[in-house]
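Annotated features, as they stand in TrEMBL:
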- D:Glu81: active site (ACT_SITE)
- D:Cys144: active site (ACT_SITE)
- D:His168: active site (ACT_SITE)
4 protein chains.
Amino acid sequence: MKKKVLLTGFDPFGGESINPSWETVKQLHGETINEILIIAEQVPTVFHQSALVLKKAIQQHCPDVVICVGQAGGRPHITPERIAINIDDARIPDNDGQKPIDEQISDHAPNAYWSSLPIKRIVKQMREHGIPASISNSAGTFVCNHLFYQLMHFIDRSQSMIKGGFIHIPFLPEQTTDKNEPSLSLDIMINGLRIAAVTAASHDIDIRESGGSLC
Amino acid sequence: MKKKVLLTGFDPFGGESINPSWETVKQLHGETINEILIIAEQVPTVFHQSALVLKKAIQQHCPDVVICVGQAGGRPHITPERIAINIDDARIPDNDGQKPIDEQISDHAPNAYWSSLPIKRIVKQMREHGIPASISNSAGTFVCNHLFYQLMHFIDRSQSMIKGGFIHIPFLPEQTTDKNEPSLSLDIMINGLRIAAVTAASHDIDIRESGGSLC
Amino acid sequence: MKKKVLLTGFDPFGGESINPSWETVKQLHGETINEILIIAEQVPTVFHQSALVLKKAIQQHCPDVVICVGQAGGRPHITPERIAINIDDARIPDNDGQKPIDEQISDHAPNAYWSSLPIKRIVKQMREHGIPASISNSAGTFVCNHLFYQLMHFIDRSQSMIKGGFIHIPFLPEQTTDKNEPSLSLDIMINGLRIAAVTAASHDIDIRESGGSLC
Amino acid sequence: MKKKVLLTGFDPFGGESINPSWETVKQLHGETINEILIIAEQVPTVFHQSALVLKKAIQQHCPDVVICVGQAGGRPHITPERIAINIDDARIPDNDGQKPIDEQISDHAPNAYWSSLPIKRIVKQMREHGIPASISNSAGTFVCNHLFYQLMHFIDRSQSMIKGGFIHIPFLPEQTTDKNEPSLSLDIMINGLRIAAVTAASHDIDIRESGGSLC
């Protein structure tokens, strides 16, 4: 049986003209590996709006795995995130001018959700393929964490069997030509996210008999 | 008239199993671009011995341009070096177990030599091709600086018209899978050094009528 | 009415001979500022054991505020932590040789607890006194986060009105003489934690009529 | 016989409202330790003008040792500089609006001068007193390096026995309250420079019979 992995990437923000997350995931759109189909969707770098677009995409595609991807400028590694926290706290405005300070994302909801991706296995697989990777314990408090939290909250509330999580990726080299920051090439990012998608979808197969689904 | 560019790379040191400088320059060996032939030679990560190997290679190939390349672990950019200084001061032993402390490289010689590569132009060209690059003002005091100094001293003493210099490059991604350090892909490094070679050789053509030579 | 603030510091770990957290908090032991009494206790850098020592100290001293303090080598700022997460995941052994991997701290307990200290106000106060400070969104997954989580879990389960949280502090200068890492002086750390204690205890006074207590 | 050490510090630049170099050296002005008198003078963060002020101060005070001090924002250690290079290459304007690009400081002058301070001994002494210190191999290409080069050139041309050099110091803590950069406290900086002054002046006594002088 074919599995579906939905990858999302953001549009550019914070003065950058590209966003490596969208640049990367769009390259994987439509690819099928080991019976796993990858679908890519763009989401806006906007609190709440990003989550609405994500939910619509989930309802449309009925994926088995959802991996949201975002830029973490300054990190040298691809970093699967461990945990999403129930707070918006922005230092800069999102692409819609919103700048929430210490606001809960969702009332009557848990303080935090764990990623349900096999993050350690993903990191291990990436490293075995020569890709710099490590676990991150914080997705920040901007739109990346917001979307991650909303994803996990949606999965939780809908009692879905979808596996979900978030992966931060570094700048692309062309974003750092004149700033002294680490970067990774598009090829490496594409390969890293392909590994993440396949590892998450396969892991899923390994550990459960049958997957429930929203659709 | 054809121009020749000699690139050198080091063998691995400091516990690493590969050296990105040799991994990169060997890929360019034998390539001809715009009438410019690139030759690559490996040098040992050993004080003095590296310089002997370099001089032999210069005498053998009669290059117009010599660019020695070395690893600068921790830097996120490709960094053409501005200046070589007349001192060996090692924190770790070289590959022959030598660990000189505050020793002059050459007596009765200048404290420092400038790179004669067009380092600003090289950085500009790299950036225009999306490659993270900047000038460095220190090649350190280990074998990299040693070889750079010896190269410039040799060119100076032999009154050669060779253009010479040194470029430090970051770790390769596979060297950083489990350390939190920046890296650049082999492709980018190869392209960066190709740009450096062509820029140096072409610049050379632009600014002087005729080049003297050792051969 | 007098308020009590309990500060805890860890014993040294990870090859260091001192721990700045204990070096700092012990200097504040017994100090009274604005009717606020500061008490300091040392806890071992050991999973679970640290929490037992903490609980005993809380029961003994009946504090209004508890601030656990730990070393975050590599950070240049004093960083009040925002959130404690329900996981132990150690890269190095604790001082008792334990090295838990992806273990829950407490079953049937929330994924995460927020600090109940006024962390933004503490950062603001520190900065106004010239002290480098910022919020951190991750206390890691070693003994620091463990103790922080256990503190908040204990407060939650005992329905106590105690305000609790965790503050990470940098290396002391003498720990960095031969490593290229940031540090802050003991004086600054002492002053920073004094400000944190007073801010937390005063804030407490401001926002609630009466404090419940364990004692 | 009494020795004199002249310390210089810069006025603020680059958007900062204070300069740690002047804040520190002015605290040592007039201090006598072990028969060593310390004098402090402020110099402007201006190419060439800084050197004129320095030379005037040297002629006025007839010091045995001159240590110019400057801010190196981002470094966590106090860093005695090894070498001054004959170039001005500014990324930002100096306090007089000058922004030289790749200009020689002095024609018919060496590419570089070594510090004549006992930089290794100074680092060792500082570390033994718990002060984070290491050698730097580049003072950059802005006004700090300019003044350092001019100092050494002046000493060289005047055949003076003055020992001269440059020490970079980190930000003060209050400069980093809202930027994620390392700092060191004023006390540590003062103590570090006191150690440098005494070490340089005493070293001087040890190694030569008699000192020539400009005066």
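Residue numbering: from 1, along the chain as shown.
For all residues, glycine too, the Cβ spot is worked out from N, Cα and C.
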One finds that other Cβ atoms within 10 Å of the Cβ of D:Cys144 (active site) number exactly 24
Between D:Cys144 (active site) and D:His168 (active site), how far is it from one CA atom to the other, in Å?
-> 8
Collapsed DSSP category at D:Cys144 (active site) | helix
Quick note, D:Glu81 (active site) and D:His168 (active site): C-alpha atoms separated, nearest Å, by 7
